Structures are given as C-alpha cells and as structure tokens.
Amino acid sequence: MSCVSRRDIVAVTPWLAPIVWEGTFDSHLIDNIYRPQNITIAATVFAVGKYIRFLQDFLLTAEQHFFIGYRVVYYVFTDKPEEVPHVNMANNRKLNVVSVPSSNRWQEISARRMELIQTLIEEKLRNHADYIYCLDVDSKFHGPWGAESLGHLVAVIHPGYYGGTRSKFTYERRSVSRAYIAEGEGDFYYCGGAFGGSLKGVHTLADTCRWNFEADAAEGIEAAWQEESHLNRYMWINKPTKVLSPEYLWQDFKPRTPELKIIRFSGVIKNYADIRPNE
Ligand code: UDP
Ligand code: MN
C-alpha cells in the first residue's frame, strides 16, 4: 500500500466526500478500478481572443499529465480555429475545435461558458463521454491528474482560500443575486477555473448556473466573480461528491505551503492588461 496517512490536512468533508490530497490515495488501485471500465474523459477549454496563446502549453502539459492511459477528448472553444496549435497525441486522445464568436468583454466570454458546456453535453457528448472537466486555459499541468479525481460532482478548493476563515471568502453577498451566500454559510471557496464530474452532474450544474446567471443579468445584476460565484452557490446547495485540494489548481505566483506535496495544475502568471479585451 503506497498510501501514507496525512495528519496535516483534512481528507474528508463533513458530508463525507473525499478531499483529494497527495498521500491519501493509491493511484495503482484506483486505476485497477477505472481502467477496465473503458471510460472516456472530455475536457473543455476556452481560448477566446488573446487567450489562444496559452493553448499550446496547456495541451502539451495535459498530454504529459492529464488522465494518461485513458481515452481523452479535448473540446477547444475558440474564435480563432486556424490558430489552434497542432499537438501530437497518443491514439486514444483527440482534439475537437468548436468555433465561438469573439467578444469585446471578458465577462461575456466567461458568462457564455456554462451555456456552451451545457449545449456540448446535450448535442455532442451524450453516449460519447462518461466524465467531463472544464478547465481554464491559462494554466499548465505539472503533475499527474488522473482517475482519483473522478466523481459525480467535482469541485476544486481555491488556492487562495483553503486555509482561511469563511468570512473572508469572496462569495456573492448581495441577496438580490441568485449567487447569494449569506454570512456564516458556505463550505469551501471553490475555483471557477476547474470543475467537473459525470456528464449528468455537470449538465445539471451548467444548466442551473446558466439560468441563474441569465436571470441575474436580466435584472442588471452581475455577481461579484461572475460564474465562479454561481458555481460556489451551486456547490453549496448541491454538495460535491468529491473535493479536490488546491494541488489541482494552484497559482504560479503563490509560494508553496508545506501541505502542498505536489502541484498538479497551476495558473500561469499573466498580465490582465495585455490579454483581456477590456478592463
Ligand atoms: N477566457 C478566454 N478569453 C478571454 C477571457 C477569458 O478564453 O478573453 C477564458 C479562458 O479559458 C480563461 C477563462 O476564460 O482561462 C477564465 O478567465 P481568466 O483566466 O482570465 O480568469 P482568472 O483565472 O484570472 O480569474
Ligand atoms: Mn484563469
């Protein structure tokens, strides 16, 4: 048994979902469970406008670390299909490009992600994938991300908030918004940059977040952190069945803390003024 027990972290939520940290699982044993199931993992990534520049490193590092040995299908949503880089892939892995319109506001790009994920699941993925992960493109893989992450509804704890107290979480605090979480409520602060689960789990999430987002927008309300706020509200009401530690979405600018034995996926340092179409 290659697992060592960890005493420095909490590995289960109060609703008894695992919190995945290095040293709490045996990947050999987990692969023996999932490999025979012959599952397909879909990964969505948006590369609109200048964010296309992040795609090559994202894909190259995913090919080294993301679900190696499993069938993987990437769906790249972009307004620049001709600029999608060619990356060599093993023959059980492939990439599909989905054209989307450009936008002058990054908030709008972010807003449409849930709708596009919902539509992708309805129109393309049914019967073609078992699990789906939705990932930010401005990030790279540095360590293995595999079947230990699988679950019906999977969220990643935001690296900025895993040690902190709930009162510091940047949830939407105005009760007029459908992303509202009251003071004293909420479990973790989760990232908008990585989430996933079964097709059904993510479809319900995307459908709900999209509906809430649009209903807010119709009343002129934009939640504090756009879809991340709606995702947090959803995950508070519908508890994730698996929670991934910040190993699964670190940030390059953050100094490593002692609990972090490995970084699997991390956001690159970027200059917002350079890459976003608006403030
Ligand atoms: N995005 C994009 N084009 C943009 C803005 C955002 O493609 O102009 C996509 C991209 O996949 C990015 C994600 O939306 O990773 C989230 O935006 P961003 O990474 O800027 O948010 P942050 O992680 O900084 O909160
Ligand atoms: Mn990002």
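Positions of Cβ are set from backbone N, Cα and C atoms, glycine also.
For Phe46, Ala47, Val48, Tyr51, Asp136, Val137, Asp138, the entry in TrEMBL reads UDP-N-acetyl-alpha-D-galactosamine binding site. Counted within 10 Å of its Cβ, the other Cβ atoms near Tyr51 (UDP-N-acetyl-alpha-D-galactosamine binding site) come to 23, all protein chains included.
When secondary structure is read from DSSP and collapsed to three states, Asp136 (UDP-N-acetyl-alpha-D-galactosamine binding site) falls in the coil class. Its Cβ placed at the centre, Asp136 (UDP-N-acetyl-alpha-D-galactosamine binding site) has 19 other Cβ atoms within 10 Å. Per TrEMBL, the feature Mn(2+) binding site maps to Asp136, Asp138.
Glu228 (active site, nucleophile) has a Cβ environment of 23 other Cβ atoms inside 10 Å. The active site, nucleophile annotation in TrEMBL covers Glu228.
Taking the C-alpha positions, the distance from Tyr51 (UDP-N-acetyl-alpha-D-galactosamine binding site) to Glu228 (active site, nucleophile) comes to 19 Å. Binding residues for UDP-N-acetyl-alpha-D-galactosamine (Phe46, Ala47, Val48, Tyr51, Asp136, Val137, Asp138) extend across at most 11 Å, taking the greatest CA-CA distance. Sequence-distant contacts of Ala47 (UDP-N-acetyl-alpha-D-galactosamine binding site), defined as residues of its own chain at least six apart whose C-beta falls under 8 angstroms from its C-beta, comprise Phe54, Leu55, Val76, Phe77, Thr78, Lys80, Val84, Val137. All protein chains considered, the CB of Phe46 (UDP-N-acetyl-alpha-D-galactosamine binding site) has 26 other CB atoms within 10 Å. The separation of Glu228 (active site, nucleophile) from Asp136 (UDP-N-acetyl-alpha-D-galactosamine binding site), Cα to Cα, is 12 Å.
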